[in-house]
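Chemist: What follows is a structure written as structure tokens; I'll ask about it next.
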Amino acid sequence: MPTGLENDPREKSHRSMSDDDREVSHDDIEDVTGDEIRKVDTTTSRVSKRSRISRILSKASGRRDDDIAPTVIPLSDLDRGVVGWEDANDPSMPLNFDHRRKWIVVTCLSLITLFSPLSSSILAPAINAVSADFHTTDTTKASLPVSIFLLGYAVGPLFLSPLSEIYGRATVLSCANAFFCVWHIGCALAPSLNALIVFRFLCGVGGAGCMTLGGAIIGDLFPLIGRAKALSAWSIGPIVGPTLGPLIGAFIVGSIGWRWDPWIVFIPSTLVTIILAFYLPETCHKVLIDRKVERLSRELNRDDLVNCYDTPGATKLSQTRLLLVGLTRPLKMLILAPVIFLMSINVAFNYGARASVYLMFNSIPPTFEGQYGFPTSLTGLIYLALGLGYLIGIWTFSLLSDKTVMRLTKRNKGIFEPEMRLYLVVYYACLCPVTFFWYGWTTYYKVHWIAPILSLVPFGVAILGVYLPTQAYIIDAYPLYSASGLAAFTVLRSIVAAFLPLAGPPLFSSLGLGWGSSVLGFITVGLIPIPILVIIFGTRLRKKYPLSTPKAKMHWEAFKEALRQDGLGALARLPQIRDTAIAKLFSNGFIAFEDTTIVPSLVQAASGVVVELGPGSGNQIHRFDTSLISHIYGVEPNPQYEDEINAKVEQHGLRGKYKLIASRIEDSDILREDGITEGSLDSVLCIQVLCAVQDPKAVMKEVWKLLKPGGKFIFWEHGWSKNHLTIIEQGDILDSGEWENPDDIEAPEDPFSCLPRIQGVLLKKA
């Protein structure tokens, strides 16, 4: 039986999409503002039997069963005041930038992120020289210039990453790079150890810019498939840098003195900073659309234009409030997003190329100089073994990551989930404990020096094999706010990396190299289950603990407004505040979001005598196919919508066809007065209603009774958790009566949305 969806004009436009369009749309695009996260995506059901609506969705998205589900690019719709991209091939969209230009940017980013971590470790071989120069015998304080740099890595991202999402990646990165370069002059000329510590901290703050924004820029430039290769190329810098630092530093200390260390970093870093300042284009999607909104507002003399990435109906924040929200976002993501917190702990203590590497850096010079008699100038060569491991890790990640994701996505019926990035992590994680046990006990028993050096190779492979997939995972899980996500990831990792190396000397002096390294090995063994748990529960955790739900935020904003107006008297009218909040949630601004979903097609499927449950402010009125409609009854218990609905009915010429009834669907006596009786309806439309009523079971029983045999129940619903949706709401719908096609309830998988959905067109059994 036809549902009215087959003639959806969007289906034809999607069907004509080229292969290049589909390749671009592999990238996940998340529409978020402030603390709210939602996803605009074309998804496919996980049901075992392909239903009518599933086939329609599959056609509309233009994908085959074995393809990755494409993402809907948010487009401009100036009639509704929404500014987005012109089309999937819009040349101003970073995904469509010239391929050669993208890779030049990646190369420059890799270079500047080579010099930043190189600077962090270049002083490691100079600890004794620094102590002698500043006449101190406190080895812990003399080690602080190395560790304090990493503390700057923890502080810098808290400011730089959210600022890049407000003012743009290019502007903030250029300023951070310049800040990083300038303070190296202070390090070279430092008059005291305290001054050196302060200058090194400031270098770390500026150097954190490229470490966190580099990954975010690559996420802006490259689609989902292909991003792993770009991340691999970029990561050569931040991973190899800490290895080259001690190597270069050892030769400098032994020849021209440690004060040349900062100059060696300053000169090439300044050159690359200048190149990037002129060549790096803005890549942050939201910032680019913000600028487009400003330009069009001036050109068209309109003040109603909004960014397609902003939450519909959201209040526009002041510049001060916008900065405050942005600056607190990384910490909020670290605290409220369990997957980021768990993976940050995993990377920080295990591998992250920070904590354990820098602890090893502190143990290698005294071990090989004192135990094996290596001169200081040759100690740096030991780190080449770690560099070899890095290169193997980069090569294997680049080779396997995208292939693994594509294979898992096809197995998952074409639906990509960010957790697929972490499957490789489990295998690489097992290599890290091997190094600690191998290195510790070969040095303890004074085995030939080649043995402990070779132990660093699997360590380098493990670091890359965990660090890169985790970074890719955060970019995929939080694409629009990837910079803040990476900042949250960097903060905990860098704090641990700043202070854990200070525990190295007392750890190894108390337990010796054998048991001291074994302690670290046992810790890494205990943390191996973390990526496994995130793979299993990550999607569920991101749904259960979103940064904020729009529904909760709307209620809170409505309550604050009532509190300002009525003081404590607002507590006496909580039901009215709730109605106001719901009204805002389904305001006109929400129409732009619904246009990217199947909702327009569902509404057009309504025919004959129709009841629209909870029409709210009348968002669906303009979508009805009036040629199929004989009469529409809007059943709405909230009276504050009446004026808006009547205005839209008048606007769309439905005065004679649309009638608003101020009641609930369960109020059968009121409905009967308007001729709505059992078996009298051809269609019932239910768009986001069951989630808001107190007794959805009673509503559904009444709906089934009112429908004619063969009548259509058309719905698009959400709930506060996947279990609530799939178990309770589907049960309420199916238990209300007999349906001809009970298997046609769809549950599109949307790992980013805080509002899981079900949808379908059910026919009442005759």
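Numbers run from 1 along the shown chain.
Glycine is treated like the rest: Cβ placed from N, Cα and C.
Just lifted these from TrEMBL, have a look:
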type	residues	note
REGION	1-44	region 'Disordered'
COMPBIAS	7-27	compositional bias 'Basic and acidic residues'
TRANSMEM	103-130	transmembrane segment
DOMAIN	105-544	domain 'Major facilitator superfamily (MFS) profile'
TRANSMEM	142-160	transmembrane segment
TRANSMEM	172-191	transmembrane segment
TRANSMEM	197-219	transmembrane segment
TRANSMEM	231-257	transmembrane segment
TRANSMEM	263-281	transmembrane segment
TRANSMEM	334-361	transmembrane segment
TRANSMEM	381-401	transmembrane segment
TRANSMEM	422-441	transmembrane segment
TRANSMEM	447-468	transmembrane segment
TRANSMEM	480-503	transmembrane segment
TRANSMEM	515-537	transmembrane segment
Chemist: Could you tell me whether the transmembrane segment (422-441) and the transmembrane segment (263-281) are in contact, taking contact to mean 3+ Cβ pairs under 8 Å with a sequence separation of 6 or more?
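Modeler: Judged by the Cβ rule, the two regions do not touch, with the required three close pairs absent.
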Chemist: Taking a Cβ cut-off under 8 Å, which residues six or more beyond the ends of the transmembrane segment (447-468) line up next to it in the same chain?
Modeler: 228, 231-232, 235, 239, 243, 346-347, 350-353, 357, 360, 367-368, 372, 374, 382-383, 385-394, 396-397, 401, 424-425, 427-429, 431-432, 434-435, 438-439, 531
Chemist: Over the domain 'Major facilitator superfamily (MFS) profile' (105-544), what does the predicted model average in pLDDT?
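Modeler: Averaged over the domain 'Major facilitator superfamily (MFS) profile' (105-544), the predicted model reaches a pLDDT of 81.
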Chemist: Taking residues 6+ outside the transmembrane segment (172-191), which of them lie with a CB under 8 Å of any CB in it?
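Modeler: For the transmembrane segment (172-191), the nonlocal Cβ contacts are 112, 116, 119, 156, 160, 163-164, 199-200, 202-203, 205-210, 213, 217, 259-263, 265-266, 269-270, 272-273, 276-277, 280.
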Chemist: Which sequence positions outside the transmembrane segment (381-401), separated from its termini by at least 6 residues, show Cβ-Cβ distances below 8 Å to it?
Modeler: 228-229, 231-233, 235-236, 239-240, 243-244, 246-247, 357, 364, 368, 374, 421, 424, 428, 453-454, 456-465, 468-469, 472
Chemist: Take the transmembrane segment (422-441) and find every residue of the same chain, 6 or more past its ends, with a Cβ under 8 Å from one of its Cβ atoms.
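Modeler: Residues packing against the transmembrane segment (422-441) from afar: 343, 350-351, 356, 360, 393, 397, 400-401, 404, 408, 451-452, 455-456, 458-459, 461-466, 469-470, 473, 513-518, 520-522, 524-525, 527-528, 531-532, 534-535, 538.
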